[in-house]
Structures are given as structure tokens and as C-alpha cells.
Amino acid sequence: MGKKNKSNGGGNTNNTPTKTPSKPPVKFNDKWASIENGEAKSASVSHYKEPSKEPKFVHPAKLAKEKKIFDGLDIPERVLAHGKVVEQNGGKKRRHREISPKMEAKKPKVESKSKDGVAAKKAHKHFTVSSEVVQSTYFFEEPDNGNEVTLVSNGKETTIEKTVILDEEVEDEEIDEEEFEDEEEVEDEEGMDEDETEIDESEMIVDPKDIERCIEFEDVDDEDEMEDEEEFEDEEEVEDEEVDDEEEEEVADEERGEEQEDEQEEEEEVSDEESVVSEMDADSDDEGFIAGKDREAHVISKDKAARTFAAKPVDFDAFPFNDQDSVVTASRAFGFMVSPCDVQTFFDKFYQSNVLVVHRKTPAYYGNLFSTTRFSELLEKHYLEYNMNINIAQYKDGIRTTLNGKGRVYPQIVKQHLHNLCSVQLVNPQTFDDRIWYLCEILQEQFGCFVGANTYLTPAGSSGFAPHWDEIDAFLLQVEGRKYWRVWAPESAEEELPLESSGNFTEDDMKGKEPVFEGWIEQGDMIYIPRGYTHQARTDKKVHSLHVTVSTGRQWSFANLMEKVIPEAVGALTEERHKLRRGLPIGLFDMGGVVDLDYSQEEHFTEKFKIVVDRHMSRLRNLVADHLLDSSVDSMTKEFMKQALPPILTDKEKKRSVIGLSTNLLGDDLIDFCANTKVKFIRKHTQRLLMESEDSCFISHRMNNSRLFEGRPETLVDFPSTGIDTYRVLWNAYPEWRTLDEIFSCRETKSNTRKEKLAAIQILFQMGVLLVKNPK
């Protein structure tokens, strides 16, 4: 509610008509009297340029407020670790709105009464004030005539008749409510476009005591204004006209200062925005989630699939998907696996969201990828152990049983288990079988993470595993026989995309749950089961089943990235920010806890603990977002280099690399690094250049990795900083070859000597990531 005008010519305070004196007495600092004497100043000058000379009344409620330490608006810049200083714009919370010459000053909305007696809206209380005197607009009452008011707008005076209409205090029973509402709508529309509709000054009727002038701020919340008005509602009756906008601005500044302590570098706008974003993100977690049976698996029929398949079976010994670009190779292999669904459609429609089933009319579609015969050969030739390489399982009468022995697994023992209707799982076939190694290794370039495999041999009329979900995305390739599958979608957002596999469910657990897919997967077919989908299968009573599961995405999520980034960020912020190293507040144990107790210092919980923690978290978030996202990508890439399968090389690649092929150790055919020697990386993602500091770097690569998951320590090789430009040229040129002359003479490497460039090339070759082709 606006403040009442207490000027000597402005009427009484109880809003009842009185007789106007012929000439009001002039008091000290009477600004309305100065108009009469010809000494009038604009409203912006008189109310905002000159402070009051009379003592101001301060309400006791204001005196009881805690004093602020600072207002938080003097922050010149924000300093963060691991990056340059970022200058701030000083904030916008109390920025005065300036009116340019091209912008017309806002006209006040006032009460008016038309000739037909219909009242318009109540007077608007907030106006935009220009710093320019010529654009000021104000009203004053004629001292000799209490029934007239003079409007002064840009130096032009207009005398109009006064009709007193009070805010929310007078109801005109003669006014028709429908006409009043219609008039409001019309004036609202007119007020929205001031350029189209001009206010008729002759119809403007207003009482000066109903006018309140205030500065319009861009970012002051309505809630803060309501608090100001409620706080000074009682003050209005005793306060004179000098309680103006300068005092209101001071009160508003104090309220903002209460939410800050001694953090002059903190921007409250940023933290407020982050809170809103966080709440919106939390609210959107469940948005769009489709539970359980409402999801639909997409099934591609045999008739549709038959038109896309080549008649000739694939020979995995011949590296069928190879291209000079390893990323293209990966895309070809993945396209073969999910065909006839194209790669982009799969990632748009199915990846980590829906089941995809592909039925094919070609039983030999997967060629010589894997077979029961090949499994027997691996058992005979390799030392495969229980638990590490082989699991024996049986699911009977709703109970899953593991029947693993100890030591090496022999073919004859496996045969006995199969005869007893047990399922045999080969945990890591890529370690022993080159064909599965080839498929998994090249798919790593597609997914950017470790890709592994399992094989499951299950005799006819049996089942080896109870219903469960896995922590990986699974592509099940049916290479022999057939299997009957049931797949259930997650029933809540909490079950979506788990990072750990589930335990075994019973048949009772699955009762009442409708699967999204239930049916046979035949030889040559494929089914994709997203992470977190519960599944269970059984074989035909007359036919055994052998399928290869290609798995990806294990522990490769945003959560895993955050687990790496946050500790690094906390360490970096702790080094830079001494306030993060301060001790916890005294009496913290008595401020709060999970259990609802009568904590003696609970009133200090927000001020001493919560606000401080929120401030540190805001700085932590800014540090991660502004300076650690790039390094987080490097961290995950380094993790990939440690876990990933090594590349499987063709004979030609072996011959051109440091590995060699049928190398004559006593021969004279040495690899020569001359001007016409051509070089390129073996794969796009076999190596990664990482920065340890501004002038120190190293390379992490997977050339020497074990085919057993993390079977060897990661390989890290120091790399000279003078070779960074050479590395960059090779990276940008991939998959094309570049001669040494092209590398040495290009603009990117001109800052390095020829010796430094050659040294970088030789280091890359010696660590095994470079292919070299000598001129003939």
C-alpha cells in the first residue's frame, strides 16, 4: 500500500472531505509551496538529489533488525582455481533504469472518470524515474482551489478537476461491476502499448496524496516489496513525506545483506539461479518416465529383415569391417550387429531405453563368430579356471544354484554338467578367442568405453539363471539353437539404469508383472536388453542354445564421472579457498540432526552452518563447470585406456608398426625416418595426450593392455612438451597419412626445431601407437 502524502496542500489523513483553506501556510522544506513561488524543481531532483533536512522517523521494527555487514554489490571479479580471473558485471539487483532519448518516458496510470460516470482503474503506484529533468512528470494541487489539480509533464501544465478515489477503500455502488471490469481490460490493453494510445490529460483526475513515486528496479522481487510494505504499514500514520525512496532502498539493501556474511566475491544471483535450476532438474527426473508394461519392445520381423542381409556369411578371420578410419570400422561392425535397424535410429530410439528384437531368416548370419566346437577347442588349449573364466549354473524349481569346482575346467567335466542340465558360462571369451576379441575391440571406438563379452551354452529343456537385471547394456547374438525370453522394464525411475546388478528374483517376485517382450530368439536373431531390464530365459525341450552377449557401459555414467571429478575439485578448491579450511562451527552437534530432538542451538543452524555449506557448494559447482569439465573428459579417457582391450592388428599393420611381422633381426631393412616417410596413428583412440601441468605432459595408451580386464597396469609414457604440436598435427590428420616433410614444414610446428619434431615422432613409434610407411 502506498504511503499517504503529508504535504500541507494535500488534504487530510483520514480520507474525509474537508474545506480547503484559502492559502496554506508555508512550512520549512515545503516542496509544494515552492511550486507556487516559482521555485519548483523536478521530482527527480527534489526527491532523489536532495536529502531530507528534517529528522526521519525510524520504526522500532527496523531498529530491531540485525545489521548487515555488506551489501554484496562491490564485487569486481570472481577468482577461481585452474583458470583466469573472470570479471563480473557488478550485478543488476539495484540498477537504476535509464531512459534513453529514443525511449519515451512512461506515463503514469491514474484514476479518471468519464462523462458517463464510469470509473477507471485505481492509480498506479510505481513509476519509472528518469535521471533527466526534462522527462519528469508530477502533479500538485492548486492552493486556491482544492477541487483542481495541475499536471506538469515535460514543462507543460494542464489543470484538471479532482475526484477523490481511494485504493480499495471506497466502493461506488452506482458503478456497474461488469462495466468496471470491461473498463479495466480496455485500459490494461491500452497501457501495454503506450505508443499506440495517448492518455487524455483532460480526463485524468487524481488526488496527490494517492501518488507514490519510486524507482523501478529490474530484479527486485515482489515478495521483498510486500515485506517492506508490511513492515512500515503502522509507520504510515506517523511518518512524514521525507520517508522516501532513499530510505526504502536502504531497508531493501539490509534485507539482502542478511543473506550474506563476509563473502564479497559471492554473486547471489548466480546461487539463486543455481537453486532454481537444481530444483527444476530434480522435478524433471521422473518426467517422461514410462513404467513397466507401458513400454513396448520393438520387434523387426523376418520378412523386413530379409531384404537387408547379404547372402554370404561373415568371416571374422578376414577383419570384415576394417576401414582406414577406426571410427568408421566401429560403425560398420555395430551396424552389422543391429541391422536392419540403422545405427542412428538405434541410439535415438532404443539405447538405454527400450528393447529391440531383430528376427532374421538367415541362421548363419553371424558366420564363424563362435560355436560349440570353438568353445571345446578353447577348453582344450587354454587354462580356463572356475569363477575367473567359467561358471556352472542351474535354475530349477525357482532356485538358482552355482556348481563351480576349483582349478582348471576340463572339457569332460563340462560335458557332464551339460548332461545334468546345467548352463555353462564363459565369462571372458575375448581373452581367448580372436574373433570375439576383434568384434569387441572395434566396438570400443563406437561406445568409447570397455566392451566385453560372455557366452552361454545351455542344454535343451533347461535354464541356467534366475530372473535378474545387469549393470550393462547387453546385445544377445543367437549363434546356435534358440531360447525363449521374458523381459520386464523398470517399474520406477529409481530402478532405471542401475549401476550394480541385481540379485536373483524368484517366480513369486515376478508374479503380476507383465513383460514388455516374451518370445523365441532363433539362430541368427538379436535382442538388445538395456541396463536395468529384468530378464530370464529357457531353452527349447529339443534344442540347445548358444548365444554371445556383447556388453558395454559398465560403470560408465555421469555418476562415475562425478566420482572422479568432485574429489579433484574439492582438493583444488581447498588449496585456493582458505575459508573452506576453517573449522566447523562451535556447538554444531546441538544445531541439528536427522533425529527430531530439541537441539539447544537449532536457531543457529541456518546462519552458522547451512548458508556456509551452500556457499562452498556454489563455489565448487562453479569450479567444476568453468574449469574442470575438460579435465574430466581426460580423466575418463585415461580410465578407458587402462581398461580397454588392445587393438587387434592386421598383418599389414603389424609390419608397419613397432611390433613387426616375420622380422629378420639380422637384416638391413631398418625403418628409416626420412622426409618422404609417411606416418599415422594406428587407431583414433589408442592413445591420449594428457597435461600434468602447464609445461609437463604424458601419453596414456592401450597398445600393451591385457585381453583380460585390467590384467596389466596402465601404460603411461612421458612426452616432451615440445612435441605437442607434432602430436596435434597427427591427431588432426587422422585417418590420413602425413609425410615427415609435411609435418616439419607446416605452420602448426614452426615453433619447434626439426630435432624436436623428429624426437616426438620416434617416441610415438617406439610406444607402438604409430604406423610408419617407408617410400619404396
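Placed from the backbone N, Cα and C atoms, the Cβ positions cover glycine too.
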Of the candidates His417, His419, His535, the one that Swiss-Prot places in the Fe cation site of His468, Asp470: His535
Secondary structure content, the domain 'JmjC' (425-569) (per DSSP, counts of residues): 36 helix, 49 strand, 60 coil
Position of peak Cβ density within 10 Å, selected from the binding-site residues His468, His535: His535
Those residues of the chain, 6+ apart, with a Cβ under 8 Å from that of Asp470 (Fe cation binding site): Ser501, Ile529, Arg531, Ser551
For the domain 'JmjC' (425-569), mean pLDDT (0 to 100): 95
Non-site residues, in chain order, whose CB comes within 8 A of the mean position of the CB atoms of His468, Asp470, His535 at Fe cation: Phe465, Pro467, Trp469, Ala474, Ser501, Ser502, Ile529, Tyr533, Thr534, Gln536
